[in-house]
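Here the structure is laid out as structure tokens; the discussion comes afterwards.
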There are 2 protein chains.
Amino acid sequence: MSKAYEELQPYLEKAMALQTAMVLFEWDDETLAPKEAGAYTSKVIGTLSEEYLEKITCDEVKRLIAECKEDKTLSEVEAAIVREVADELEKLECIPPKEYREFAQLSAESTRIWAEARKNKDFEAFAPTLQKVIDYQKKFASYRAKDGQKLYDVMLDTYEKDFNMEALDEFFRQLKDAIVPLLKEIMKHGKKIDDSFLTGDYPVEKQEEIAKYLAEYVGFDFDKGVLAVSAHPFTTNLHNHDVRITTAYNEHVDDSIFSVIHEAGHGIYELGIRDELTQTMVGQGASMGMHESQSRFFENIIGRNRAFWVPVYGKLQELFPEQLGDIDLDTFIDAINKVQPSLIRTQADELTYSLHVMIRYEIEKMLMEENLEVEKLPDVWADKYEEYLGVRPKDVSEGVLQDIHWSQGSFGYFPSYALGSAFGAQLYARMKKEMDFEGLLEEGKIDVIREYLKDHIHQFGKLKTSREILKDVTGEDFSPKYYIEYLTEKYRKIYEL
Amino acid sequence: MSKAYEELQPYLEKAMALQTAMVLFEWDDETLAPKEAGAYTSKVIGTLSEEYLEKITCDEVKRLIAECKEDKTLSEVEAAIVREVADELEKLECIPPKEYREFAQLSAESTRIWAEARKNKDFEAFAPTLQKVIDYQKKFASYRAKDGQKLYDVMLDTYEKDFNMEALDEFFRQLKDAIVPLLKEIMKHGKKIDDSFLTGDYPVEKQEEIAKYLAEYVGFDFDKGVLAVSAHPFTTNLHNHDVRITTAYNEHVDDSIFSVIHEAGHGIYELGIRDELTQTMVGQGASMGMHESQSRFFENIIGRNRAFWVPVYGKLQELFPEQLGDIDLDTFIDAINKVQPSLIRTQADELTYSLHVMIRYEIEKMLMEENLEVEKLPDVWADKYEEYLGVRPKDVSEGVLQDIHWSQGSFGYFPSYALGSAFGAQLYARMKKEMDFEGLLEEGKIDVIREYLKDHIHQFGKLKTSREILKDVTGEDFSPKYYIEYLTEKYRKIYEL
């Protein structure tokens, strides 16, 4: 280990400890913290985040990073860590510490104001806060923009490198061109699917039981993990021995089933990261897109696959004999793959999902590049849903207030959901060449699939970018065609077109 | 605000934020964290605690504290904060940062090793770790000892100022002289009390319901608080708007009932601290003894009081009609006050409780002042139980491994349980002169009692010491006589002696 690299370690250790603490506060806030704690706790979080900033951007770290960058003796992992710290440093040092801290505090408050506004279906109650969040994000992006780079491109880069507006416009255009006509055809000529039995009196305790069972079945290790309840399902991790997922239970049993498999996918990614990488700057998933590729791979390519349910469906019937006792496997599989243009992204079917994402992408562009006024958001939102999906929200809780992301300042994040689905389909196409994918699922040998993903993706953390991973696994650069082929083939078959 | 005091604030804010984070990690570890997280998470905690140490002991804080100590213009609160920081600084700066950090990490691991050893009834598995903890605590105490001060006196001072071995030897002597003969008389001549109905098939969900009901009934505010489950009940707080209590459920329904009222007492103390004090160095209870005075006040003086149950017992009967439907109030009150020498401190009756504490006090003195070897602990423990209580543990899980405290390095803490009971009795004697205490309880007006405690004790945080609080409330210095009178009168009456 070089001297400069060694001297850097205590700073990084402290920065990571502070970050881990902030993760725990966020987890706690979403799952358990009492109602009135927020205002006080957000001050604590603000202080910790300022401290984190100071650790990464102090003169000593700057000097050491500069030295390390010149050091050719560093190992691959060491060099990757230096690269990540340099990136983070560059991102952070252009933000005045005072603003950074103010935003950390604002963002903690903002999610609570959003949650309250959503509950009360009251956009006005959230609008001023959202405006502040947007102003901060624009300001931060402007600090970071290089050579006339557009603000929204700066934001996109945070979540997925090498996918700017130009690339995403083209990606979404191809998707739209394929999905919109297919959707119309399905609605007009596809066979009729009944999924009404998925909604009803599904007792929460039994939903909890199947949620835990499925998470474990797909490989989420409860010795290193936790499953809890929160308003909006999410995954977080302290390190690769403490990964936490949440879900929410309602009268639609498929909501909790697939959100748990989805979050378990995120969780399995984090659990699979190498020990030597965890709690370092490269100890997380490669990117948001690659993360979503894994969660959506588990949710859809595995979880909505007929083969997956062959050994498992009986267990579900056993738990819910009244609701599912008379429903045969094929009827169930059709139901969980039913296409139905709808209002809520997280409950959307696999086919229309990308259209939900595209709407958010287009609106974010308008907010960041065309100064769309916040007050107009509910109408713009509703108009786009009407245009692309033919449905219109009756209030903001099922419209513009449905997602937590903007309240946290996560602009540029949404596209990674669609990108992730496309990454996943490209990986799936390759894996089918190397293994009897559906055969393994039917035999309950999901561990073979999981180990493949761990070996080829999870273990590397941030050592590789998404594009590098795709290239190494599939031998090709990213291409949306696999996703389009996957959707087209799957849904033409289900709808007998 | 003076300039030096103002300059001090950012340091204190950061130190408090780090401390709050460590509290959250501890809470999480005890209630929810997955099994395998510990080893990794304890590194994070080690780093945070080192960072806390650096904040409090840095040269700038030393300089500012020295200036503030000379500043006569500080307000009462400001001066108290400066005094607390100066104390903490003095405590911390004598400990080499490396050792401080090592101990924080050891203590996090140690509680897990203890829990495992207790489960397996395997003292040997814990002994080497306990030895390390003791060695650290002795070393730390030796760094802090002034003018030939004894090590155990240094430790005692951490939890309760002005109560050294000399004072405690006298306190326990008076208790022993009063309690041991009374206990013998009760066992020989007292009426027979049946409490067998408190043990049985008490379903956990119903125990949870009554636990939540009772916590709320005595005044624990769930908008600012959480109730969870942990192996060993405890209370912790992030600030006065986020206070958390735990309990554990077993077949003895009185265990969870009284542990919840006990922890709610701690919690109500923390919730009652003034807003201007929370998240400062004086924003906690005055001392461990004063804290225990409140928890044991709620548990015993309120919770085991016949008057308390007059409006509440019906609710309990409703929840458990099979177990308690035929048990009348007086039979229930006798049962929850039954005296029975036993092995487990947390389940001990109010009368013998102090003897459990005294045994720990005597053993701690032996460990710290007479170099008692750790291997001998199980036998010494068993012998003392046999001597004072006439019972002998059949294994270490109901013997020397029953308490978490030593694994955390909390030597000198136990006496505060007995002191707290004595503080509470002295307060009770005074309150009875000012209000119709039992009348209020019978009418369910527990808020009048709680407000009195808040006004006279809780709100002040650490602005006053225990002795000052007692003096201000009762007009007298601390005296064990009220506790002895209270116990004697109460138990002679119950046992019809």
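Glycine is treated like the rest: Cβ placed from N, Cα and C.
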Checklist entry - Which of A:GLU216, A:GLU292, A:GLU318 shares the Zn(2+) site with A:HIS262, A:HIS266 per TrEMBL? => result A:GLU292
Checklist outcome for this item: A:GLU292 (Zn(2+) binding site) has its Cβ surrounded, within 10 angstroms, by a count of other Cβ atoms equal to 31
Next on the checklist: Suppose we draw a 10 Å sphere around the Cβ of A:GLU263 (active site, proton donor/acceptor). How many other Cβ atoms does it contain, all chains included?
Outcome noted: 26
Checklist entry - From the centroid of the CB atoms of A:HIS262, A:HIS266, A:GLU292, the recorded Zn(2+) site, which same-chain residues not already listed sit within 8 A by their CB, in sequence order? => result A:THR235, A:GLU263, A:GLY265, A:HIS291, A:GLN294, A:SER295, A:ARG296, A:PHE298, A:GLU299, A:GLY420
Item to check | Intrachain C-beta neighbours of A:HIS266 (Zn(2+) binding site), sequence separation six or more, cut-off 8 angstroms | outcome: A:THR235, A:ILE245, A:GLY285, A:HIS291, A:GLN294, A:SER295
